[in-house]
Every structure is written in structure tokens, then in C-alpha cells.
């Protein structure tokens, strides 16, 4: 069993493979979450704290090595284990030079994947705090602490995840569909999850904006929500 409950992000578009990895890693004491696209992976990585990313090379839209290179340019230091069926020397070199900390060719034995994950976690340096700010709001994605105008916001874990996701997308309209996928990990939105989202938005708005001159969380009727400074 793992000595600590490390948090892993599994970036794999094949749902069956991803679920199998999550199940097997869970039995070894890890907490593993799934992102099926490069975009979802980037949002998840910024909105949450992960100890390691298991990243598939072949993803829809943007290749794993491309999004990995983007992360490194943006200062993301989370260890990344790259998985791919491409095993030529040039491919391995390309993956490592794009920012991968290790490289595992498919097909692989789960025992080897597990050993490589544990080795990377042993080598990993503590992550630097990653913060974002907007209109007096500061969110630390590592400590999961949110403050507005110097006051700590007493958020539930889900409210923090919701705020963190909206802050990553600040200035953009975010639909309920996107919140269902990005925060609740629900692939198919339904009326019950809509109601849950609305309740959490109400609670978050109360804690974030109530009693303050400028509002940050806005409802866009028929569209969704946006986190932005109220310039009026």
C-alpha cells in the first residue's frame, strides 16, 4: 500500500482504460481522478492539487506532449509519467524533452507502472504554491485556501472546487454542462445535477460577494455563470 494517499490525475481518453487504472491504483492506496482531454486535464491541474500526472500521448484535439510542453512553459512542476505506444528512440527523446519525468511504452505491466509512479513520487520536490487573484480574491490551489480582501472564505471542498474552476476560466461564460464535467465529473448533465450546481452557486455567491461593494460571481441567463470584476 502507498505510505500516503497521493493524488493522481489520469489523462486518458479511453474510458475503459482510465477506469481500470483508477480502480487498480485505488487498491494501492492512491486517489486518482480522470481527465479525458488535454483541455480538461489543464483545468483539473490548475483547479486542484495533484502529486503526479499519468498522461497519455494520444489525446483528442491536442497531443499529450503538446499540452505537457504548455504546462512546463507555464511553470507547472507536477511530475508527469508519459504513456504511449510509440517506442522509437526519437519518440522517447521528444517526450522527455517536452517535459515528461518518465516514459512508459504500451503495453505495460501494471506492476511496472506502479513502480514508476512510486519512484517519481519519491523524487518529487514539494510543489510551489500556485495562486490566482481577481478583484481582491486570492485562491491558493495548493493549500486550497481562498481569501477575499484579506478575509478567509469558509468554503466547503465542493465550493472551493467550484470557485477554483471558475477562477481558471475568469472572464469566460461557463455553462452548467462544463461545471458538471469539470467540477462534478458528470459526463452527462441531468436535471438533478443542475439543481445541485445552482444550490452550490447560491452558497458560493453568498460567501464570496455578500456585503461587498463589487460583485465577482455573475449569472448569465440562459448561458451559465462568469467570474469577473463588476466594473459598474
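Glycine too: its Cβ is placed from the backbone N, Cα and C atoms.
Under the heading domain 'Response regulatory', TrEMBL lists 7-121. Using DSSP to sort the residues of the domain 'Response regulatory' (7-121) gives these counts of helix, strand and coil: 54 helix, 24 strand, 37 coil.
TrEMBL lists 56 with the feature 4-aspartylphosphate.
For the DNA-binding region (129-229), DSSP puts the residue distribution at 38 helix, 23 strand, 40 coil. According to TrEMBL, the feature DNA-binding region maps to 129-229.
Residues or ranges marked as domain 'OmpR/PhoB-type' in TrEMBL: 129-229.
Its own atom aside, the Cβ of residue 56 (4-aspartylphosphate) has 22 Cβ atoms within 10 angstroms in the protein chains shown.
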